[in-house]
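**Student:** Supplied in structure tokens, the structure appears directly below.
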Amino acid sequence: MKVSIIGSTGRVGRATALCLAEEEAVKTLHLISRKESLEQNLGEVLDMSDALAAKGVSVKLENSADIENVYGSRIVVITAGVPRTADMDRDDLAFKNGRIVADYARQIARFAPDSIILVVTNPVDVMTYVALRYSGFHPSRVFGLGNHLDSLRLKNYMARHFNVHVSEVHTRVIGQHGPYMVPLISSTSIGGIPIEHYARRDYFSGYKKFDLKKTIDKVIHAGSNIISRKGATEYGPAFAISNIVTTILNDERRILTVSTLMEGEIDGIRDVCLGVPVKLGKNGIEGVVPVLMDRDEREAFREAANHVRDSTRRVMEFLDEELPL
């Protein structure tokens, strides 16, 4: 199947391209850049071709600066936009990237009307809403990276702390991809044992008491910590994107936490895109999965909804003047 990446010369776009090129389900990978980056884009394709030859992978690689070449794509990944700096609030990006995402969403709807749109551009929850409205697609076919990467980070930190394989950690982060994210600690388990038991007891010699607040802070600030050191996050987002894309192409029906339009499925929250667990299959989102939350988590989730909704409203008011629907 064909997958297109818009913004393929950016650091996340490049890393994502290499991840997806190695996936058997991806038969054609089309990389779209700005015209001024077309030579760099071609260089990426040539370099990637050599790498794939060494791996014995055969995939058709294409590159262009023409958005109409998304034609025939099963999935279009939007990574284009102004990158976030370490000291930049995600909301500061919204007005800059909103217009970019809105324009691409319109063109995707024109040239690839049957495709699924995966939004990566930050702030991803707001940009997912923008892409949804400007594409006119059904919400099942427009969603964002959301809290999938945040959930993976939390799993990773817990696995390292408790010295277990990451697959033994079952946890999830919902809400905003940003400071209003909500780790669902109340329903987290390791090897089938609720995390609160690990936190309160010394199950194995040498274990320190689990510092929940410190762990949550690490997840919230993970992106900023990486950006401050190397300028951008690349590999984490790329592999998380690959998880989502291959889940769809292979019709795996996995439950992943992506940013999707809320329509009352959880606590009656509506008209805002938030990270929640969904079942993903060949046609996109097959349904939102209910979540168990304690009182504090529920309150935090509602706070996240209010914050993201307010940010989204301001961006949509701006875009209504710049790019009327």
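Just so it is clear, glycine is given a Cβ too, placed from its N, Cα and C backbone atoms.
I grabbed these lines from Swiss-Prot:
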type: BINDING; residues: Gly7, Ser8, Thr9, Gly10, Arg11, Val12, Gly13, Asn97, Val120, Thr121, Asn122; note: NADP(+) binding site
type: BINDING; residues: Arg84, Arg90, Asn122, Arg153; note: substrate binding site
type: ACT_SITE; residues: His177; note: active site, proton acceptor
**Student:** Of the binding-site residues Gly7, Thr9, Arg11, Gly13, Arg84, which one has its Cα closest to the Cα of His177 (active site, proton acceptor)?
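**Tutor:** Going through Gly7, Thr9, Arg11, Gly13, Arg84 one by one, the Cα closest to that of His177 (active site, proton acceptor) is Arg84.
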**Student:** For the C-alpha pair, I'd like the distance in angstrom between Gly13 (NADP(+) binding site) and Arg153 (substrate binding site), rounded off.
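**Tutor:** About 20 Å separates the two Cα atoms.
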**Student:** Cα distance, Arg153 (substrate binding site) to Gly7 (NADP(+) binding site), nearest Å?
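**Tutor:** With distance taken Cα to Cα, Arg153 (substrate binding site) is 24 Å from Gly7 (NADP(+) binding site).
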**Student:** What whole-number value in Å do you get for the largest C-alpha pair distance within Gly7, Ser8, Thr9, Gly10, Arg11, Val12, Gly13, Asn97, Val120, Thr121, Asn122, the residues recorded as binding NADP(+)?
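**Tutor:** Value for the max Cα separation, rounded to a whole number: 16 Å.
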**Student:** Does anything in the same chain, at least 6 positions from Val120 (NADP(+) binding site), have a Cβ under 8 Å from its Cβ, and if so what?
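**Tutor:** Looking at Cβ-Cβ distances below 8 Å from Val120 (NADP(+) binding site), excluding near sequence neighbours, one finds Val12, Thr16, Val77, Ile78, Thr79, Gly144, Leu145, Pro237, Ile241.
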**Student:** Measure from the CA atom of Arg84 (substrate binding site) to the CA atom of Asn122 (NADP(+) binding site) and give the result in Å, rounded to a whole number.
**Tutor:** 8
**Student:** Do any residues at least six apart in sequence from Thr9 (NADP(+) binding site), in the same chain, have a Cβ closer than 8 Å to its Cβ, and if so which, in order?
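**Tutor:** Spatial neighbours, sequence-distant, of Thr9 (NADP(+) binding site): Leu31, Ser33, Arg34, Ser37, Gln40, Asn41, Glu44.
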**Student:** Around the C-beta of His177 (active site, proton acceptor), how many further C-beta atoms are within 10 angstroms, looking at every protein chain?
**Tutor:** 29
**Student:** In whole Å, how far does the CA atom of Arg84 (substrate binding site) lie from that of Arg11 (NADP(+) binding site)?
**Tutor:** 12
**Student:** Give me the CA-CA distance between Arg11 (NADP(+) binding site) and Arg153 (substrate binding site), in Å, as a whole number.
**Tutor:** 19
**Student:** Using all protein chains in view, find how many other C-beta atoms are within 10 Å of the C-beta of Asn122 (NADP(+) binding site).
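**Tutor:** Summing over all protein chains shown, Asn122 (NADP(+) binding site) has 26 other Cβ atoms within 10 Å.
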